[in-house]
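J.: I'd like to ask some things about the structure below.
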Amino acid sequence: MTDVTVKALAAERQVSVDRLVQQFADAGIRKSADDSVSAQEKQTLLAHLNREAGSGPDKLTLQRKTRSTLNIPGTGGKSKSVQIEVRKKRTFVKRDPQEAERLAAEEQAQREAEEQARREAEEQAKREAQQKAEREAAEQAKREAAEKAKREAAEKDKVSNQQTDDMTKTAQAEKARRENEAAELKRKAEEEARRKLEEEARRVAEEARRMAEENKWTATPEPVEDTSDYHVTTSQHARQAEDESDREVEGGRGRGRNAKAARPAKKGNKHAESKADREEARAAVRGGKGGKRKGSSLQQGFQKPVQAVNRDVVIGETITVGELANKMAVKGSQVIKAMMKLGAMATINQVIDQETAQLVAEEMGHKVILRRENELEEAVMSDRDTGAAAEPRAPVVTIMGHVDHGKTSLLDYIRSTKVASGEAGGITQHIGAYHVETDNGMITFLDTPGHAAFTSMRARGAQATDIVVLVVAADDGVMPQTIEAIQHAKAAGVPVVVAVNKIDKPEADPDRVKNELSQYGILPEEWGGESQFVHVSAKAGTGIDELLDAILLQAEVLELKAVRKGMASGAVIESFLDKGRGPVATVLVREGTLHKGDIVLCGFEYGRVRAMRNELGQEVLEAGPSIPVEILGLSGVPAAGDEVTVVRDEKKAREVALYRQGKFREVKLARQQKSKLENMFANMTEGEVHEVNIVLKADVQGSVEAISDSLLKLSTDEVKVKIIGSGVGGITETDATLAAASNAILVGFNVRADASARKVIESESLDLRYYSVIYNLIDEVKAAMSGMLSPELKQQIIGLAEVRDVFKSPKFGAIAGCMVTEGVVKRHNPIRVLRDNVVIYEGELESLRRFKDDVNEVRNGMECGIGVKNYNDVRAGDMIEVFEIIEIQRTIA
């Protein structure tokens with residue numbers, strides 16, 4: 001055959017040139033349109049195309065559905081029709097011809113090997129039988145020869161000894177008979193052994209033939225999934241209907257093959273089945289109640305443990321006795337017995353500590369693994385950048401003192417701002433944090449309130465500070481909040497610098513201030529103490545530079561240092577909820593550097609720092625030690641005083657925050673339960689108690705705490721203040737709804753209600769009050785509580801009459817003829833009868849007459865007749881005291 005080009009071959013085969021080139025490429029030949037094609041290459045292409053054309057599906061799956069209706073008789077003679085659908089699936093696999101040939105060859109070889117084994121077994125059995133027959137024939141010949149010799153000897157004895165006794169003959173005959181019986185038994189045993197051997201040989205041959213037939217049927221294609229005994233329902237009637245439908249559809253197909261395949265197995269199973277298998281087969285055929293079959297392959301049983309199992313018991317900080325028993329897989333009574341042996345009595349629901357649980361578990365032979373509840377929290381807090389060198393930092397100075405002693409004004413002059421004039425009432429109502437640059441260095445100031453309601457805020461200020469500047473007015477001296485500030489400073493262990501303010505006033509007396517402070521342990525340096533006293537005037541600016549120098553000198557003595565590099569930590573000075581920015585927290589950084597984007601954990605809250613601002617409202621990207629900043633991005637408003645820590649993983653920060661919330665909730669509930677149990681008897685004995693319900697909203701968290709503490713302290717035995725809800729931010733619709741449901745007063749401190757809340761307030765006619773000064777809020781709540789107090793009853797004597805004589809009246813009984821000696825006697829007023837200045841009766845004046853006329857009152861110096869209600873033992877000389885009850889309205893002190 002001559003070579004042709006690819007293009008000509010494509011025209012001859014009536015295919016495109018590109019397709020032919022692709023087919024050549026698939027066959028492993030690289031060609032272009034103008035290349036020539038040899039005869040060998042054509043043969044290669046043809047073989048490739050034949051292989052592709054001959055490749056078909058190797059597996060064929062057939063699916064069939066059969067539907068039938070089954071009428072099931074029901075109650076009342078009614079029958080119910082049930083639709084039954086039987087789904088069957090058969091898969092046929094196409095065998096490879098080479099694989100089929102290989103399987104046929106293997107099968108032929110196996111059959112030949114089995115036939116050879118069968119022939120060898122038969123020949124072996126024949127040889128053994130022949131050898132056995134020869135042995136038996138030889139033994140038989142020996143026996144016959146012996147018997148013949150015996151008979152000959154017997155005949156000789158009989159001929160020679162004719163005179164032998166008959167008993168000897170009988171004995172010999174008996175002996176011969178026994179020998180014959182023994183020989184017969186031996187022969188039968190040998191025949192039985194030969195028969196068993198032949199049966200064993202036949203059984204081996206039959207088993208080999210059966211296995212060959214099974215292998216023959218296994219080599220043919222069979223369906224992958226056998227659904228012959230599969231039912232879609234458990235009802236006996238439904239299963240019978242399914243089987244009947246299968247028989248109708250299948251017909252006689254496949255029966256002969258299945259019968260042939262099953263016949264040898266059935267024959268072989270007759271000897272191989274055990275008693276348990278036969279019992280299970282009978283149970284499967286017999287079924288149970290309702291026709292349910294039990295699968296023979298589902299064998300299950302419980303074996304009792306023969307030895308104790310030692311477990312690893314994980315124990316938290318607290319655990320109940322029942323939970324401990326579950327962890328050890330024992331009964332609760334056993335744990336209680338073990339505790340009683342150790343000398344501890346407990347119930348199944350009692351909570352025990354970790355140490356007790358460890359002792360009990362180890363006593364019962366288990367291994368204890370102690371787990372701390374705050375393990376994750378400790379791991380998160382300890383995973384920090386450490387090792388950086390500490391550097392000097394600016395001091396944190398807290399301004400403390402009594403209200404109106406000039407703390408904020410003094411700080412104003414230092415910062416050259418006018419913060420005090422902008423505050424409501426001219427008093428500071430939350431902590432202000434500022435840092436100022438001086439000629440000698442930077443100082444961070446914390447301005448705390450001086451009012452008594454802000455004790456907790458002053459305590460937080462003292463804990464976060466390095467130096468306390470105690471401001472005392474020279475004209476006012478030491479006041480209650482001044483003493484409290486001294487106590488906070490001593491409790492925090494920080495040095496105190498005293499600023500004697502208002503020194504420019506004519507009535508200023510600095511020496512008096514020194515004397516009063518010395519009584520509380522604050523001694524000036526000139527008296528041998530450790531406190532610096534500086535005379536200043538916030539109004540005129542006198543002594544400000546000396547105060548700053550004193551602060552920096554004290555800071556230099558303290559040698560304040562902090563790590564500037566690394567993950568930051570600090571404290572929340574103040575927090576509030578801004579309507580546009582969300583939760584805002586004022587944070588004082590103690591060490592490290594706080595960056596924008598850091599993940600912070602703050603008490604119960606967490607979040608990523610989205611923005612940072614300084615006290616001037618300017619955006620900053622980082623804040624070092626002793627720098628106060630406002631941060632945005634927390635999940636909620638944190639509590640003032642909470643520790644702020646930068647962590648690495650936001651997921652772990654969230655887990656720690658949720659754990660803290662849960663723990664706080666548990667402690668709170670436990671405390672409430674304890675107080676309920678302790679006050680149970682008091683609640684049973686006390687009478688009706690009025691409550692003033694308040695929903696409080698304020699601008700910052702510190703104000704919420706201060707106002708709540710002040711209002712709760714106003715509670716008395718008769719009227720109690722109850723804070724139904726409190727929070728930071730404006731008054732919302734939820735707050736108004738809560739107030740309406742609990743009949744509470746809505747109080748807004750430096751916040752206002754939104755539009756939706758105002759609608760609810762108007763529709764429900766709620767009492768809404770706005771305040772900007774805490775004095776006014778407390779005074780009005782006192783007035784509301786005073787209105788709920790029950791009035792005080794006071795007895796006022798209005799008249800006194802002396803009994804001169806007693807006479808009888810058929811209508812009123814004993815009538816006392818009296819002379820009014822003091823005041824006025826009124827009818828129907830309560831009276832007391834006195835005898836020798838001792839009250840002998842207290843009742844009501846029923847009848848009052850003067851000269852037979854009923855009168856309402858009798859004045860001093862007049863005679864009258866008095867009838868006492870339900871009392872007839874009036875004597876001459878008694879005194880009748882007339883009084884009235886006056887209600888006096890009480891107030892909350």
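Even glycines carry a Cβ here, placed using N, Cα and C.
Swiss-Prot lists 49-303 with the feature region 'Disordered'. The compositional bias 'Polar residues' annotation in Swiss-Prot covers 68-82. Annotation source Swiss-Prot lists compositional bias 'Basic and acidic residues' at 93-159, 166-216, 270-283. Taken from Swiss-Prot, the feature compositional bias 'Basic residues' covers 254-269. According to Swiss-Prot, the domain 'tr-type G' annotation covers 392-561. Swiss-Prot lists 401-408 with the feature region 'G1', giving similarity to another entry as the kind of evidence. Per Swiss-Prot, the feature GTP binding site maps to 401-408, 447-451, 501-504. Residues annotated as region 'G2' in Swiss-Prot: 426-430. According to Swiss-Prot, the feature region 'G3' maps to 447-450, an assignment based on similarity to another entry. Feature annotation from Swiss-Prot assigns region 'G4' to 501-504; the stated evidence is similarity to another entry.
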J.: Count up the helix, strand and coil residues in the compositional bias 'Basic and acidic residues' (93-159) according to DSSP, in that order.
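T.: Its residues divide into 63 helix, 1 strand, 3 coil.
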J.: Count, for each of the binding-site residues Lys407, Ile503, the other C-beta atoms lying within 10 angstroms of its own C-beta, and report the residue with the smallest count.
T.: Ile503
J.: Any idea what DSSP makes of Ile503 (GTP binding site), helix, strand or coil?
T.: coil
J.: If you count, for each of the binding-site residues Gly401, Asp404, the other Cβ atoms lying within 10 Å of its Cβ, which residue has the minimum?
T.: Asp404
J.: Mind checking how the region 'G1' (401-408) divides into helix, strand and coil residues in DSSP?
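T.: Counting residues per DSSP class in the region 'G1' (401-408), I get 2 helix, 1 strand, 5 coil.
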